[in-house]
10 protein chains.
Amino acid sequence: MNRIEVTEKIIAAKVSSGISWAEVARKVGLSKEWTTAACLGQMTLNGEQAKVIGAIFGLTEEEQKWLKVVPYKGSLPTPVPTDPLIYRWYEIVSVYGTTIKELIHEEFGDGIMSAIDFSMDITREPDPKGDRVNVVLSGKFLPYKTY
Amino acid sequence: MNRIEVTEKIIAAKVSSGISWAEVARKVGLSKEWTTAACLGQMTLNGEQAKVIGAIFGLTEEEQKWLKVVPYKGSLPTPVPTDPLIYRWYEIVSVYGTTIKELIHEEFGDGIMSAIDFSMDITREPDPKGDRVNVVLSGKFLPYKTY
Amino acid sequence: MNRIEVTEKIIAAKVSSGISWAEVARKVGLSKEWTTAACLGQMTLNGEQAKVIGAIFGLTEEEQKWLKVVPYKGSLPTPVPTDPLIYRWYEIVSVYGTTIKELIHEEFGDGIMSAIDFSMDITREPDPKGDRVNVVLSGKFLPYKTY
Amino acid sequence: MNRIEVTEKIIAAKVSSGISWAEVARKVGLSKEWTTAACLGQMTLNGEQAKVIGAIFGLTEEEQKWLKVVPYKGSLPTPVPTDPLIYRWYEIVSVYGTTIKELIHEEFGDGIMSAIDFSMDITREPDPKGDRVNVVLSGKFLPYKTY
Amino acid sequence: MNRIEVTEKIIAAKVSSGISWAEVARKVGLSKEWTTAACLGQMTLNGEQAKVIGAIFGLTEEEQKWLKVVPYKGSLPTPVPTDPLIYRWYEIVSVYGTTIKELIHEEFGDGIMSAIDFSMDITREPDPKGDRVNVVLSGKFLPYKTY
Amino acid sequence: MNRIEVTEKIIAAKVSSGISWAEVARKVGLSKEWTTAACLGQMTLNGEQAKVIGAIFGLTEEEQKWLKVVPYKGSLPTPVPTDPLIYRWYEIVSVYGTTIKELIHEEFGDGIMSAIDFSMDITREPDPKGDRVNVVLSGKFLPYKTY
Amino acid sequence: MNRIEVTEKIIAAKVSSGISWAEVARKVGLSKEWTTAACLGQMTLNGEQAKVIGAIFGLTEEEQKWLKVVPYKGSLPTPVPTDPLIYRWYEIVSVYGTTIKELIHEEFGDGIMSAIDFSMDITREPDPKGDRVNVVLSGKFLPYKTY
Amino acid sequence: MNRIEVTEKIIAAKVSSGISWAEVARKVGLSKEWTTAACLGQMTLNGEQAKVIGAIFGLTEEEQKWLKVVPYKGSLPTPVPTDPLIYRWYEIVSVYGTTIKELIHEEFGDGIMSAIDFSMDITREPDPKGDRVNVVLSGKFLPYKTY
Amino acid sequence: MNRIEVTEKIIAAKVSSGISWAEVARKVGLSKEWTTAACLGQMTLNGEQAKVIGAIFGLTEEEQKWLKVVPYKGSLPTPVPTDPLIYRWYEIVSVYGTTIKELIHEEFGDGIMSAIDFSMDITREPDPKGDRVNVVLSGKFLPYKTY
Amino acid sequence: MNRIEVTEKIIAAKVSSGISWAEVARKVGLSKEWTTAACLGQMTLNGEQAKVIGAIFGLTEEEQKWLKVVPYKGSLPTPVPTDPLIYRWYEIVSVYGTTIKELIHEEFGDGIMSAIDFSMDITREPDPKGDRVNVVLSGKFLPYKTY
């Protein structure tokens with residue numbers, strides 16, 4: 001058994017039961033973004049969270065243990081994603097990458113926006129011309145250390 | 001002459017003059033995100049915008065014409081970016097890619113978040129534990145057409 | 001179980017039964033292009049469509065559920081396709097890519113032709129020198145937003 | 001001197017003069033698709049065509065000779081195109097590739113749709129919900145030879 | 001079941017029975033080149049051919065059906081082949097590629113040598129200094145269409 | 001100066017003078033295939049051949065010396081060629097690669113067809129249904145040594 | 001002008017003058033590791049540091065300005081480095097990568113060792129069996145945020 | 001059976017039993033770094049070590065034998081690692097690669113820091129601003145031989 | 001069944017039995033280099049050799065047949081090998097590649113050193129400063145044919 | 001100026017003067033293998049050697065200084081070499097890679113054959129069936145350290 005098998009079992013159980021990620025998150029008591037990432041094998045759960053997830057998706061004790069192991073991260077099968085929805089995000093990084101770099105450096109100096117001390121919030125923004133996906137990313141700025 | 005040469009001239013003129021992207025954007029009358037992307041060769045300017053940018057960076061008539069030509073987009077030299085700041089964004093797509101996909105589909109059904117009818121806003125979020133980079137992405141949801 | 005297994009089952013069942021994609025599409029009540037893409041794991045079916053497809057190919061309830069889940073898209077095993085028929089399409093993009101870009105921008109300005117709000121129609125065009133494949137692609141033009 | 005330099009000169013001259021590809025095509029007396037591809041270094045011109053193009057873009061005798069040499073084709077700098085407009089076409093091949101394959105084989109049997117005995121027509125299709133790009137591709141079907 | 005499994009079964013049955021490709025071809029009544037390619041999953045058989053191949057290699061009805069389905073072609077596991085015999089052919093394309101291009105264009109003008117309306121004949125050419133492999137390739141010339 | 005610059009000078013001189021590869025080969029007294037490959041930087045000329053080529057294309061003494069240096073071979077800019085004519089050859093290797101391997105081994109045992117002790121002959125084969133490109137490849141069979 | 005040109009000028013001036021990186025660092029008043037990285041185009045200097053570096057390597061005012069611009073980082077021409085000294089470091093990451101991951105997670109939980117809030121110290125460790133390179137890496141542990 | 005299966009069994013047994021790598025190392029009597037690497041299939045154990053590891057993880061005699069076979073090394077599934085913790089190390093090599101090269105050569109001359117006669121020590125360094133990961137790498141310097 | 005499965009069975013049987021490659025070679029009556037390569041799926045055995053190998057490793061009749069089939073060669077899972085021992089050989093080709101080319105051409109003219117009519121001999125060379133691996137490679141020189 | 005430019009100047013001067021690598025090596029007083037590698041930008045010369053090389057190839061003082069700087073090594077433009085002579089060496093590593101690994105480990109245990117404490121000797125081995133290239137590689141065995 002490994003984490004990938006547990007992730008696949010979770011996904012299959014979710015399709016079978018029809019539960020939404022939002023409901024799962026509510027039961028875990030955390031954001032839907034973090035909870036989904038954890039269920040998809042990208043985050044590490046503590047004992048209590050693993051128990052809740054285990055109950056929702058019918059995982060064995062052994063499978064729950066795997067949820068508490070730090071996974072090898074990276075959720076995509078290819079360096080350039082083929083799925084159109086995910087590709088659009090890759091395209092944003094490709095087209096706006098140097099722009100993002102310039103503007104963060106202009107405001108903060110040399111350093112990065114953390115992808116670890118980081119949160120994401122995805123919501124629907126109603127719009128008469130067609131609803132929009134609104135995403136808020138928040139990452140701590142980490143300045144390069146001089147030594 | 002080509003657009004890449006104009007972009008390089010703009011960057012060199014910016015380093016030389018010390019003007020900020022925020023100031024450039026103010027003069028153009030648009031967001032700093034769109035304006036910077038345009039100056040970095042990713043967006044297309046209209047005649048008036050090209051004149052303003054031309055005046056700021058000392059571009060010739062010929063060079064201003066290139067700003068009005070739709071560029072071949074993509075600002076990064078490699079599929080997986082090596083620059084740490086830009087890589088963190090790539091990592092977000094890699095780690096959270098399937099999560100983003102799941103949650104947008106859960107809310108909207110099959111389709112994508114547009115990277116064309118799209119805007120981005122990067123701001124500083126003061127925080128006692130260290131200021132944060134706050135980014136708001138807004139993209140129109142486009143449902144897959146059934147036919 | 002996952003969507004790939006369902007797709008493989010559909011393909012095997014089609015070979016076994018000898019039904020054509022055109023017949024499948026007629027039963028679903030949609031175009032043969034969209035229907036085939038859906039059966040090949042690239043589109044998402046609604047409940048009724050899943051039931052029809054399920055009946056045609058002998059899918060279980062569980063398998064039908066997978067047809068209603070948005071799939072991870074991209075139908076090719078390599079970035080440059082090795083199959084000669086599909087490669088010719090890749091070659092059209094490679095040889096005519098910059099031409100297509102120039103002409104769409106000349107007519108519409110900066111933006112893209114949508115691959116989401118999109119339809120395709122493949123037909124036989126009789127020709128005494130050898131019949132031709134006639135393909136009509138229709139994609140909404142999406143202008144780049146200025147902000 | 002080589003063909004790439006001639007292509008770059010044509011592009012720069014076009015930006016400078018402001019002539020459209022449609023006008024260039026009218027003067028050459030061929031479709032805008034073929035003419036643009038030829039000017040972008042993907043097709044081979046005969047003597048008369050080269051003279052017309054040479055006159056439009058101010059090419060020397062030597063440069064006109066290069067237009068009559070069969071070029072090394074392929075207009076994109078990377079196997080997976082980064083430009084969003086061109087990427088959408090790559091995505092159509094990626095998502096619909098196996099569908100296109102199935103349907104052409106269903107209609108014609110084993111073989112390919114030629115990318116050589118091929119034509120393309122790109123037009124604007126007015127639509128109240130937003131105009132569409134309409135593309136007609138026509139390629140001779142070539143059956144695999146049995147021997 | 002899929003075509004790859006049928007191909008693997010044919011290969012294993014051939015090793016087990018010791019029949020040669022030349023004998024298989026004789027029974028099918030076609031060239032050894034086309035017949036071998038078909039058995040290796042690169043060509044499509046008609047009903048009669050599938051029956052003959054099925055009899056030779058002990059294939060079930062279901063497996064014979066797969067031989068009549070157009071396969072996803074491309075027989076090599078990597079873009080640059082590692083097998084020394086096949087690599088030599090890749091090397092010929094690499095070293096002589098531009099030469100082949102120049103000479104075919106010099107004789108025929110712009111176009112290609114078809115790999116579809118194509119045949120190949122491999123024979124032993126006795127030579128006192130060591131026998132040679134003699135290969136005749138014949139492909140229809142297809143001129144680029146002007147439109 | 002290096003061999004690539006000499007090759008580029010030869011190509012430009014050929015375009016300028018309009019001489020054919022067949023004529024060049026006649027003057028050198030060798031096949032058009034070897035002569036073209038040599039002029040394109042893939043083969044090594046002896047002193048006399050270099051003098052003939054030098055006279056045809058107006059090369060300096062220094063440039064002629066480069067023709068006598070063994071070049072770094074490989075004439076294509078990418079592992080998978082983008083040019084349609086050359087790609088068709090790559091496709092033949094891809095589709096027929098395992099077939100070629102099987103048939104040469106069936107006839108000769110383990111070993112390779114040499115790409116060094118090798119010759120190629122490209123001719124036009126008249127055909128009422130459209131002329132064909134006829135290519136004869138001849139390579140010495142080299143058996144794997146057992147030791 | 002761009003940062004890469006300034007870096008190349010610094011390297012050439014260093015070869016010409018024979019100054020060591022250790023001396024350069026002493027004059028800048030920082031570690032030899034950070035100073036060398038900065039001179040090689042990977043770190044951003046403040047005004048005073050740029051002046052010192054400018055004096056050492058004879059840089060113009062304009063060139064010194066570039067030292068104060070945040071560079072596009074990544075010092076290697078290929079994803080897998082070919083230089084043997086640098087490759088050994090890549091190999092350490094390849095062979096020990098999962099080990100490093102396991103041990104840091106065992107001690108700290110889920111998170112990363114920062115490459116930004118990071119320092120490195122390279123020294124000679126005398127050893128009778130052959131001196132050793134001793135490297136101390138120190139990176140802040142950043143725990144994954146739960147939200 | 002192969003070494004990869006033994007490694008997977010060890011990892012699964014560790015998750016199940018909850019033993020730490022530090023405890024495993026204590027029982028083996030070696031550093032936690034070497035021991036973990038060995039358990040993860042990167043090092044070769046002697047008979048006694050294999051017996052200890054076998055006892056801890058419940059390996060059969062046959063499985064213990066595999067621990068004594070030199071493994072095919074390299075622990076990462078992709079050339080550029082996707083896991084954030086491991087990527088930071090790759091980034092250090094990418095950003096500091098040329099710096100490391102310069103400084104080792106400045107101190108030792110031409111040669112490399114061995115990744116074979118090598119040790120690593122990972123410890124927690126308490127720090128009021130957030131604990132740090134402290135890593136000491138020690139590799140013998142190997143000078144290039146002149147001959 | 002296929003050759004890869006037979007190779008894996010041989011490797012597992014060797015680990016289980018503890019026999020050395022040198023002993024296997026002695027029984028086959030050939031060099032340890034050729035014999036090992038053959039057992040690892042890179043060479044083709046004749047009937048007698050297959051019987052000997054089959055007896056040593058407990059192979060069935062069917063499995064022995066596979067040893068007599070010419071295998072698809074290439075023993076490495078990635079183009080650039082990750083295993084340190086094998087990488088050092090790749091590095092020798094990378095660092096000394098152009099040197100080897102220059103010196104063989106200087107001695108022999110244009111052509112190659114055969115990897116088919118080739119033998120290799122690996123021995124231990126005792127040395128007080130540490131024993132050395134001594135390898136002798138012998139390959140027939142094959143001159144490029146002029147035609 | 002940089003080392004690559006100095007290398008190119010040396011190569012051009014060698015072609016112009018016609019001196020052989022063997023003669024150059026004699027003047028430097030070292031093997032032809034090391035000397036050629038050094039001239040091709042892969043090794044580092046001391047002051048005296050640089051002076052000799054400088055005199056042979058007419059290098060300036062500044063250019064000679066570059067010969068004494070440790071170069072960024074790796075002499076090939078692509079990971080898999082396209083040149084047939086160099087490719088054969090790559091093929092030896094590919095086909096015999098696992099064999100070499102097995103036999104060195106069988107003789108020496110876990111470790112590597114050094115590519116740094118290494119020498120190579122290339123000679124002509126006369127043979128009535130065609131002369132052979134004889135290469136002796138000698139690399140110190142470096143055992144993996146246990147710690």
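Think of each number as a place in line: the chain as shown, counted from 1.
Keep in mind that glycine also has a Cβ here, set from the backbone N, Cα and C atoms.
Quantities reported herein were computed from a predicted structural model and do not represent experimental measurements.
Feature annotation from TrEMBL assigns domain 'Cyanate lyase C-terminal' to J:75-147.
Non-local contacts of J:Arg88 (active site) by the CB criterion (under 8 A, 6+ apart in sequence, same chain) are absent. In the three-state DSSP scheme, J:Arg88 (active site) is classed as helix. Positions annotated as active site by TrEMBL: J:Arg88 (among others).
According to TrEMBL, the active site annotation covers J:Glu91 (among others).
DSSP assigns J:Ser114 (active site) to a strand in the three-state reduction. Marked as active site by TrEMBL: J:Ser114 (among others).
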Cross-chain proximity of active-site residues to H (CB under 8 Å), evaluated over J:Arg88, J:Glu91, J:Ser114:
J:Ser114
Distance [Cα-Cα, Å, rounded] between J:Ser114 (active site) and J:Glu91 (active site):
20
Over the domain 'Cyanate lyase C-terminal' (J:75-147), what does the predicted model average in pLDDT?
98
Let me check the 10 A CB neighbour count of J:Ser114 (active site). How many other CB atoms are there?
21
Under 8 Å Cβ-Cβ to anything in chain B: which of these active-site residues pass, J:Arg88, J:Glu91, J:Ser114?
none
